[in-house]
C-alpha cells in the first residue's frame with residue numbers, strides 16, 4: 001500500500017475536529033521513476049485541462065560556456081521541483097463579462113467564489129478561503145494545490161487602462177483562466193522522489209476516513225499508471241503557412257515610440273510583434289523540443305481545452321514565499337557567442353553599453369517602486385544587481401528586487417502591484433501601456449501576461465509570459481503564435497530593435513524547426 005505521510009487515525013482526528021469545511025493536506029511517496037513529461041502525457045494530456053511546470057537552474061557569468069542545466073538534474077532551490085497537475089476540480093475564467101466557473105467535479109468546486117472587483121479580486125474569490133488542516137509549516141518550496149493558469153496581458157485594461165478611458169480590444173480571449181487543482185505530482189529532483197500531493201476538501205458531512213482511503217487508492221492508481229508509462233513519442237509539425245508581420249510597420253512603430261520618448265511622454269516603451277505559423281503540430285513535441293533547446297527557470301505546458309500554452313520564460317513576474325516578495329527585472333540583451341571567448345566579449349560589451357545600463361537601471365527602479373507598494377517600509381532590497389545570465393540564444397542583464405510583504409497584503413495584491421512587468425511595457429507604465437494600445441495592431445493575448453500558481457498556503461510563483469508559443473487547435477489547421485518585443489529609448493535603431501525581436505523569438509522558432517525538420521536539419 002502507498003501510505004500518505006500522515007497516518008489514518010491522526011488524519012481522521014484532525015479533519016474530524018473541524019467545525020466546518022476545511023482543506024486538508026496529504027502527501028504520498030509513489031516510489032516510481034518517471035520523467036515529468038511522461039507523467040504529464042500519461043495523466044494530464046488526455047483530458048481538457050492539465051499542466052506541467054518545470055524549472056532549470058540559472059547559470060551566471062561565472063560559467064561563461066553553459067546556458068542552463070537540464071531540469072532533471074537541477075538542485076538549486078528554484079529548479080528543485082517539477083509539477084504535473086491533472087483532473088482539476090474547477091476552471092475559473094475571468095473576462096470582461098465577469099467570472100465563469102466550470103465545475104469539473106469534486107467537493108472543492110462548490111466552494112469556488114466569484115469575488116467582487118477586478119480580475120485579481122475575482123481570482124482571490126475563486127480560491128476557497130477555507131481553514132487549512134495538516135499543512136506543513138516550514139517547507140514552502142512546493143506547490144500544495146490551488147489555482148494554476150494564466151493571466152493575459154489584456155487584464156491591464158481592467159487593472160489600469162479603464163481609469164484613463166481606454167477600451168479593451170475586441171477579443172474572445174479571457175483576461176485570466178486558472179484551474180483549481182487538488183491533485184499534483186511533485187518531482188523532487190534533489191531527492192529523486194515523486195510524490196502525490198493531495199489537498200482534498202473535507203466537509204462536516206464527509207467521513208474523513210473515506211477521504212483518507214480515497215487518497216490512498218488514488219496514490220496506488222497513479223503509481224501503477226506511472227510504472228507502466230512509456231516515454232512520450234512526440235510528433236512533429238507540418239507547416240501550411242506563416243505570417244511574420246510587416247517589418248516596415250514594426251520599424252515605423254519604433255520610430256513613433258522614439259518620438260514619444262523625445263517628447264517626454266515616456267522614458268522607454270516596449271513594442272512587440274508576432275509571428276504566426278499554421279499547420280498540424282503536436283504541442284507535447286513542441287514543449288519537449290523547447291525544453292531541450294532553451295531550458296529556462298520557468299518552463300510550462302498548460303492545456304486549456306483547445307489551447308496549449310508552451311513556454312520557457314526566464315523572468316519572474318512576482319514570487320511570494322511567506323512574507324517575502326520578489327521580482328526579477330531583465331533588460332539588456334545580446335546574442336550568444338560561438339564559443340566562450342566570444343561569449344565573454346559580447347557579455348562585456350553588453351555591460352559596458354551605456355544605453356543598456358541606463359535602461360536596466362530604470363527598470364530596476366520601477367521594480368523597486370512596484371515591490372515597495374506592498375512591502376513594509378525600509379524592507380525593499382536590490383540583489384544580484386546586473387548579473388549576466390545566459391540562455392540558448394541570448395544573454396541578458398538581470399537583477400533581483402525583494403521586499404517583506406506587508407501584513408495587510410497577499411499574493412494577489414503583490415501581483416496587482418507588479419503587473420504588468422515594466423520590462424514588457426516601459427516606463428512610466430500607464431502612459432507606456434497607452435502607447436502600446438495605440439501602436440500595436442492586435443491584442444497581445446498571453447504574451448506579456450503571467451503563468452503560474454496561487455497556492456492554498458498563500459504563496460505564489462508567477463512568470464512573465466515571454467519565449468512562449470500558444471497553440472490553438474480545433475480548426476482545419478493548428479495556429480502557433482509567437483511574440484516578442486524590444487525596449488525602445490531615444491537612441492534606438494529601428495533595424496536593430498527588429499533584429500532583437502527575432503533573437504528573442506529564436507529559441508521558440510528553433511524548437512518549432514526541430515520538430516518540423518528534425519535536429520540535424522534545424523541546426524544547419
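In case you wondered, yes, glycine gets a Cβ from its N, Cα and C as well.
As the structure is a computational prediction, the values presented were derived from the model and not from experiment.
Pulled from Swiss-Prot:
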BINDING   55, 297, 298, 299  L-tryptophan binding site
BINDING   332, 333, 447, 467, 485, 486, 487  chorismate binding site
BINDING   359, 500  Mg(2+) binding site
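A map of Swiss-Prot features onto the structure.
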residue: 55; record: L-tryptophan binding site; Cβ neighbours (10 Å): 25
residue: 297; record: L-tryptophan binding site; Cβ neighbours (10 Å): 24
residue: 298; record: L-tryptophan binding site; Cβ neighbours (10 Å): 28
residue: 299; record: L-tryptophan binding site; Cβ neighbours (10 Å): 26
residue: 332; record: chorismate binding site; Cβ neighbours (10 Å): 24
residue: 359; record: Mg(2+) binding site; Cβ neighbours (10 Å): 23
residue: 447; record: chorismate binding site; Cβ neighbours (10 Å): 24
residue: 485; record: chorismate binding site; Cβ neighbours (10 Å): 25
residue: 487; record: chorismate binding site; Cβ neighbours (10 Å): 29
residue: 500; record: Mg(2+) binding site; Cβ neighbours (10 Å): 20
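Using a 10 Å radius centred on the Cβ of residue 486 (chorismate binding site) and all shown protein chains, the other Cβ atoms total 24. By a simple count of nearby Cβ atoms, those within 10 Å, the most crowded of the binding-site residues 333, 467 is 467. Here residue 500 (Mg(2+) binding site) is positioned 6 angstrom away from residue 486 (chorismate binding site), judged by their C-alpha atoms. For the pair residue 297 (L-tryptophan binding site) and residue 467 (chorismate binding site), the C-alpha distance works out to 12 angstrom. Binding of chorismate is attributed in the record to 332, 333, 447, 467, 485, 486, 487, and the widest Cα separation among these residues amounts to 19 Å.
Within 10 Å of residue 485 (chorismate binding site), counting C-alpha to C-alpha distances, fall the following of the binding-site residues 55, 298, 299, 359, 500: 500. Nearest Cα neighbour of residue 299 (L-tryptophan binding site) among the listed binding-site residues (332, 333, 467): 467.
Binding of L-tryptophan is attributed in the record to 55, 297, 298, 299, and the widest Cα separation among these residues amounts to 7 Å. Ranked by Cα separation from residue 333 (chorismate binding site), the binding-site residues 55, 298, 359, 500 are led by 500. Residue 467 (chorismate binding site) sits 10 Å from residue 298 (L-tryptophan binding site), taking the CA atoms of both as reference points.
Of the candidate binding-site residues, 359, 447, 487, 500, the one lying closest to residue 298 (L-tryptophan binding site) when CA atoms are compared is 447.
In the three-state DSSP assignment, the secondary structure recorded for residue 467 (chorismate binding site) is coil. Note: the CA-CA distance between residue 487 (chorismate binding site) and residue 55 (L-tryptophan binding site) rounds to 26 Å.
Cα-Cα distance from residue 447 (chorismate binding site) to residue 500 (Mg(2+) binding site): 16 Å (rounded to the nearest whole number).
Checked against residue 55 (L-tryptophan binding site) by C-alpha proximity, the binding-site residues 332, 359, 500 yield 332 as the nearest. Residue 359 (Mg(2+) binding site) sits 7 Å from residue 332 (chorismate binding site), taking the C-alpha atoms as the reference points.
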